[in-house]
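Features of the protein shown, as given by Swiss-Prot:
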type: COMPBIAS; residues: 1-10; note: compositional bias 'Polar residues'
type: REGION; residues: 1-24; note: region 'Disordered'
type: DOMAIN; residues: 31-72; note: domain 'CHCH'
type: DISULFID; residues: Cys34-Cys64; note: disulfide bond
type: MOTIF; residues: 34-44; note: motif 'Cx9C motif 1'
type: DISULFID; residues: Cys44-Cys54; note: disulfide bond
type: MOTIF; residues: 54-64; note: motif 'Cx9C motif 2'
type: REGION; residues: 68-87; note: region 'Disordered'
type: COMPBIAS; residues: 71-87; note: compositional bias 'Basic and acidic residues'
Amino acid sequence: MSTSVPQGHNWTRPVKKDDDEEDPLDQLITRSGCAASHFAVQECMAQHQDWRQCQPQVQAFRDCMSAQQARRREELQRRKEQASAQH
């Protein structure tokens, strides 16, 4: 009696057209101007595997994002005021 080796499946994973696109979170961080501090957090976490040892990097990233959010709020407020002044 001969035993045949089962063939593997021939399924193929559908290729997404957006595979080449950058992750939306990475895009957001890059646009914020905080990519360098985010990278520092990632690098520290990869090295230490313990977020507690990365608190200076985490705090720097938090400060950068907070400043960016404050700038964004101010910009939105200015646009809102300009729009209401035109009406």
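Note that the numbers count up from 1, one per residue, in the order the chain is shown.
Cβ coordinates are placed from backbone N, Cα and C, and glycine is handled just like the others.
Location within the structure of each feature annotated in Swiss-Prot.
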residue: Cys34; record: disulfide bond; DSSP (3 states): coil
residue: Cys44; record: disulfide bond; DSSP (3 states): helix
residue: Cys54; record: disulfide bond; DSSP (3 states): helix
residue: Cys64; record: disulfide bond; DSSP (3 states): helix
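Mean per-residue pLDDT, taken over the motif 'Cx9C motif 2' (54-64), amounts to 98. Within the same chain, residues at least six positions away from Cys64 (disulfide bond) with a Cβ under 8 Å of its Cβ are Ser32, Gly33, Cys34, Ser37. Under DSSP, the residues of the compositional bias 'Basic and acidic residues' (71-87) split into helix, strand and coil as follows: 16 helix, 0 strand, 1 coil.
Every protein chain shown contributes to the tally, and the Cβ of Cys54 (disulfide bond) ends up with 20 other Cβ atoms within 10 Å.
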